[in-house]
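Participant: Please find one structure pasted underneath; my questions will follow.
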Amino acid sequence: MPNDLLKEYKNAWDKYDDKQLKEVFALGDRFKNFISNCKTERECVTELIKTAEKSGYRNIEDILAKGETLKEGDKVYANNRGKGLIMFLIGKEPLYTGFKILGAHIDSPRLDLKQNPLYEDTDLAMLETHYYGGIKKYQWVTLPLAIHGVIVKKDGTIVNVCVGEDDNDPVFGVSDILVHLASEQLEKKASKVIEGEDLNILIGSIPLKDGEEKQKVKHNIMKILNEKYDISEEDFVSAELEIVPAGKARDYGFDRSMVMGYGQDDRICAYTSFEAMLEMKNAKKTCITILVDKEEVGSIGATGMQSKFFENTVADIMSLCGDYDELKLRKALYNSEMLSSDVSAAFDPNYPNVMEKRNSAYLGKGIVFNKYTGSRGKSGCNDANPEYIAELRRILSKESVNWQTAELGKVDQGGGGTIAYILAEYGMQVIDCGVALLNMHAPWEISSKADIYETKNGYSAFLNN
């Protein structure tokens, strides 16, 4: 019987020679560095713009202000309020023939501070939080946490905050009941063991010695913050402060084959998309990489995929190329092809019952395609067309990229969604495609370095073909 009659998704580690192994681990190190230093959307955008500019990308606002035009080979980026980024490499073909698009998100599940967060209770200073995205709340207690973000004062001054990452920094955390007194707590459903209103951060316990103030611990904390950041309590109202796991991403496993780190959903696909884009020197079709905010809460708002920022920026690009009208814009979007660069769930041998083995993703077997996501009867899904999938199979086979297909768990087990359906509304071809993770949405997620490498190569192959 011919060997090609049956399908087998092979382990990517088996094919690497010494040169490729060095590339795999080097990419893993770059990715670890990125997610260790970029734990918020703003931090991601700031860092990626610095790197992009070194590779020749220019801010579209500067180009518009100078009245310049664009031509084949030009590299442009657009910054959406410091929390979203779109990159363009102008191709040879007319823009109305369509784009090659990679799209990932750079927001991740976390705890956000409320607008009036600071209070004192029994001589302890605390911060109120509101969790962001889908989390198992019990996973966020008794962990060392860091505070990242910005405080914007009334005069418009932006104060950057990052506390808990340096070895000399303090860390913070959410406490839990000692097991000796937890009999009632342990009888609760896992979803109720820790309630949302229980996710309060302990930040101090020393009372202010001087004065007659009643809330002396709270007052002392504000004194420290005022001395360090020149802020008052009211400035929390116009702050965007995110509570995230403290510490760097680490190698995982004796063989260092995996990465453990916070925010891999979806910065792992954002980073591999970014690297694939930087590798492009010229293109037949114009290439676009979209990195957006707010995917974890429905892609809404000014910095989410549902905003008009992407469409408006594409219109600007077409105008700068001297090729804009409304009909051409619509044709360009309709004729485009996109990889919705988002993570998938890896099969976990500790929890096999939620997955269907024949349609699951596995660590080490390469980039994962999810033909559809959604839940129950494919509700809310983007269901990719088979003609498009066949084209992608051809491209990846040609470039020797390891790939696999998967669903997000068993039928009726649950489900999820991405930004794919939003771009598909333009009529373009879209499929979800990214890295499989263990511990998805937990404070510390796990990925395979082989999958990171194959995903970056898969994105590069897509852009180049």
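In case you wondered, yes, glycine gets a Cβ from its N, Cα and C as well.
Straight out of Swiss-Prot:
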type	residues	note
BINDING	His105, His180, His441	Zn(2+) binding site
Participant: Would you mind pulling the DSSP three-state label for His441 (Zn(2+) binding site)?
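Facilitator: Note: His441 (Zn(2+) binding site) is coil by DSSP, not helix or strand.
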Participant: Let's check the environment of His180 (Zn(2+) binding site): how many other CB atoms sit within 10 Å of its CB?
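Facilitator: Taking all protein chains shown, His180 (Zn(2+) binding site) has 6 Cβ neighbours within 10 Å.
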Participant: State the three-class DSSP label for His105 (Zn(2+) binding site), counting H, G and I as helix, E and B as strand, and everything else as coil.
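Facilitator: Note: His105 (Zn(2+) binding site) is in a strand by DSSP.
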Participant: Of His105, His441, which of the binding-site residues has the most Cβ neighbours inside 10 Å?
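Facilitator: The residue with the densest Cβ neighbourhood is His105.
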